[in-house]
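First the structure, in the form of structure tokens, and then the observations on it.
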Amino acid sequence: MRLKKIKLAGFKSFVEPTTIPFPGEMTAIVGPNGCGKSNVIDAVRWVLGESSAKNLRGDAMTDVIFNGSSSRKPVGQSSVELVFDNSAGRIAGEFANYNELSVKRLVTRDATSTYFLNGTKCRRRDVTDLFLGTGLGPRSYAIIEQGMISRLIESKPQDLRVFIEEAAGISKYKERRRETENRIRHTQDNLERLNDVRDELGKQLEKLQRQAAAATRYKTLRAQARELKGQLAALRFLKNSEHIEALQKQQQALQLEVDDLVARLQGDEAGLESYKIKQLETKQTIDDLQQQLFTTSNAITRLEQNALHAKQRKGQVEQELARIGEQHELLNHSIDEAQEALAVSNEALENIEPEFALKEAELEHAKERFEDAEQALREFNAQARAQEQTYNQLRQNVQQCHSQIQSTMSMQLRTSQRISELQEELKQLDDEDFANQIAFLEEQCSELDFDIDETKQLLQESNQKVSQQQGEVNAIEAKRRDVQGQLQTALSTKAALEALQQDASNNEDVLLDGIEKLWQQFSSNQTLAPCVESILQHAKDPVVAKSHDIQALLQNHAYLPSGIKVFTDKAFVSTARIGSLAHALLTETSRNESSTQRVPAFFNDIYLCSNDDELAATIETAFNNEPEPEGIAKEFTSVVSPSGLWASSQWVVKPGEASDGALQRANKIKALVDSIEETESLIDEIEHSLERAKQALEQSEAQKQAIQSALGEKENQRAQIKNKLSLLEMQQEQQSTRTAKLNDELAKQELMLTKEEEQLAQLSEKLELQEAQILEHEVHIDDVNAKRDANERTASELRALVDTLTSQNHELALKKQQLENHQNLYSQQVTRNLQQREEYIKNKERLQKELTQLTSPEEMQEAELQSLLENKSELEQLKSAKQSSLGDIEQWLREAEKGHQALGKDIQTRQTNIDKLNIDIEGYRVRANTILEQLDETQQSLKSILETLPEDAEEKRWQEDLEKTQANLQRLGAVNLAAVEEYETQSERKSHLDTQHNDLTEALETLQSAIRKIDKETRTRFSTTFEQVNEDLKTLFPKVFGGGSAYLALTDDDLLETGVTIMARPPGKKNSTIHLLSGGEKALTALSLVFAIFRLNPAPFCLLDEVDAPLDDANVGRFCNLVSEMSQTVQFIYITHNKIAMEMASHLTGVTMAEPGVSRMVAVDVDEAVAFAEA
């Protein structure tokens, strides 16, 4: 996985959308200082989840948003997107199948951050989880910013440990462990709460158990009371049934009497009914006759009306003809009169005109006089209204003055009360004395100041002592680290030698019991070890059998090692020939009684010379003499030197390398063991010294802490006293201020009281004046009203005169109008009369024809009318006879009904008695039904109760038993009837909670087991990674520095919590701490560590921000070579000002700031630039 490009918009100085591509494995970002190069590093760190604005060189997270420049306005949001090439599938999980992966972060002015993965909104945790274990993160070793190199070297052990953890890929384990710990904590909290609930529930169960017992007793008594109530109700039901039975017998006797009376009444009613039928039939006959009479009368009336109408119409026609004749004559006369009246009207109209003009003049004069009177009346009314308004205003003023006087008196009362309150408060303030309290506290404060100065002096001395002891502890710890480094080296060498020695044992596990290597029979003699090793190697590493019987070895030869000589115990001797190798070995071993005192017998045949030259001379002089050897050659078959050169007259064996022999390795191992023991002893002594120094430091720090605590307590006391003093002074000042305010207010209130008294006096005077004015205005109002009344009378008289004249004038006008109308009317009448005369002539002819038609039907109608009148007379005689018969029937019915009513009264009396009995029966029946309903409500059956009811049961005794039972219930008091069910419910809940408790306990054990597994995996991975990084650091450091050494060390034995320290010694230096290195040396050391981590777990890319700044050209060259070498597996993006580093890059990306405050990119392809320069 590699970084393809970065997209920025509104991020710091990159205001415009900018894309920075990274096509190569080594991209250098260059540009002048302050142009925004480091903002690229900040952008990557920000997208990967950085939450601290301080690490982004800001005060708040919104500081990453472009804040404007001299020519640009601020923007509202900032966004950065990283695009990765994931074709290699480095990212696991759901994004493993994506060849390209984008991570985007956006922030707005309200500090709201939003993350996106491949365009999908996500959480910050999703982004951090995505890169866990890859080496990428906001604070991982893959991003080395300005100043981080020196901070990396000088960082605390726990901070340096973070880089090892990230390289080991256990950051995700730590995250899981943190989540698991949170779950454990939550589970423990839940368990504690559950235990609290269980304890509380247990107490409730005990209480509920007691309540349940009381409830059970209550239910038993209540059941007993219920049974007694049921039986008592049954007894009362039986009693009511007996009463009902007796009353029903009385009711039946009365009912028999009623039935007899009813039978007699029914007999009488039969006679009455027959007469009533006759009465109805007679009435029906009368009604029928009446209907016939009505029909006949209607027919007679109709005929009479028709005859009358015809007669009337004939008369009307005759009258109309006579009238038309008369009107015709009158019309002729009227025409003559109308013509005469027209002439008279014209004359009268001419005579009335002068009189009408005179009356109009009189009316006009009267109207003028009336208007003058009206005007005067209006003026008098206005004066009266003005006087009335003034009077009302004066009355309102008087009322207002009364209200003001009342209000002023109330204010005067409140002011007096306020003056009393102020005087009382001033008296209370005078009683408080703060001066003595302030003086006492100031004295205490002075004493504490003196004690605090002394305590500070003691604290300063204690600090110096602690600093001195801390220096001693640091020196001892540095010495311990050096010795531990030596011990680590010795242990590593020892382990390597023991591994070689194990290989040299030639699979010792397959040897028979009692057989061991021959070299193991020798002590670790450093001087003779080479010659022994040379002889034994030549003998193909023989072995020794702890047996004297050669036959036993021959019988078990199948189990012997192939091609190796096996010696028995008889092959060893304890005495040796002087000058032989055996003699030298026995002589050496005799000095150490613990060593084995025997050597192989054939060592007696080998002569030991002092050096190689002597060996050659011995071979020349002793073994080459012919035909008989002399001297040494007679006793020995070969010669060996201490260096391991072994020879005879016929052969020679060259010794192997000094470190090849098992015996020499054994000697070295023994020496290392002795050295390790001495070093461990030295470490123990150092540990003891360190422990003593730490104890002394702890004691000093405890003393310092005690002094600091005492100082803090005294300072707290002083602060409390000063607070009290400030409070008292403030209270004193407040008292003075309050007193002054109260005095001012008291003076104001007294002044206000004086003003109110003056105002009250003024209002009283004003009230008297206004009341006098009211009296004066009442007199004026009376005068004005009198004048107005006189004027009203005058106006009324003039109004009457105007009305009279108006009426006269109106009459004349009407008369004139009438004459004019008469003139018009007479003219019209003449014309109309002429027209009517013509119409009269036509109507006369029509009426004469109608009169002829009305004369013929009269004779026929008279005959029919006479027949109907005779029929009507007969019907009236029949009706009269029937009405007389009806009267006789009704008289008999009245007498019969009197006897019938007497029987009815007797029946009603007895029925009333029956009804009373029914009421009594119903009362008893209601009581019985009530008892049954009560039994039904209690779900009891009367039948079952009666079956179980004893024969000697008495209501009184049962009532006494019921009262006793109820008394027992009352003595129980308040009973929780739900206790039984609640007890069962809570018991079930307790069982459920117990199950939950077991589940939580199991879950807690599971989580703790997961913690242990995580811890085990973390220890294993951390230990492996630490060793690997340490080895790579030891390899890379000499490569970078051209020599020297560096190593990592743990500060604690606990691999989960131990910190990591780094120690580096450049060539020729023996510094005791890494802080003594120069800036360039620290930078190269840090780079060695970072690249060592990258060797183990290379991150997808590495960002370097001016890490070559403190390096000279030679070291920059080494740095570039190392980066170039590692770029085969890691993508490098670095910011630099160094030309050598620029030359190393495959791509250059420039950052400019041509516009102040705005960064832009300038891309340069180095290969194209070189080709262009060469062309």
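Note: Cβ is positioned from N, Cα and C throughout, glycine not excepted.
Sequence-distant neighbours of GLY34 (ATP binding site): residues of the same chain at least 6 apart with a C-beta under 8 Å from its C-beta are MET1153. If you look up TrEMBL, you'll see PRO32, ASN33, GLY34, CYS35, GLY36, LYS37, SER38, ASN39 marked as ATP binding site.
Sequence annotations record features per position, and here TrEMBL assigns coiled coil to 170-218 (among others).
Taken from TrEMBL, the feature coiled coil covers 244-320 (among others).
The coiled coil annotation in TrEMBL covers 356-479 (among others).
Annotation comment: TrEMBL describes 669-885 (among others) as coiled coil.
What TrEMBL records for 3-1159 is domain 'RecF/RecN/SMC N-terminal'.
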Segment-level pLDDT (mean, integer) for the coiled coil (669-885): 77
Near-site residues: ATP, ref PRO32, ASN33, GLY34, CYS35, GLY36, LYS37, SER38, ASN39, CB cutoff 8 A to centroid: SER13, GLY31, VAL1151, MET1153, SER1159
Contact check, the coiled coil (669-885) vs the coiled coil (170-218), 3+ Cβ pairs under 8 Å, seq sep 6+: no
Those binding-site residues listed as PRO32, GLY36, and which of them has the most Cβ atoms within 10 Å of its own Cβ: GLY36
GLY36 (ATP binding site): secondary structure state under DSSP, collapsed to three categories: coil
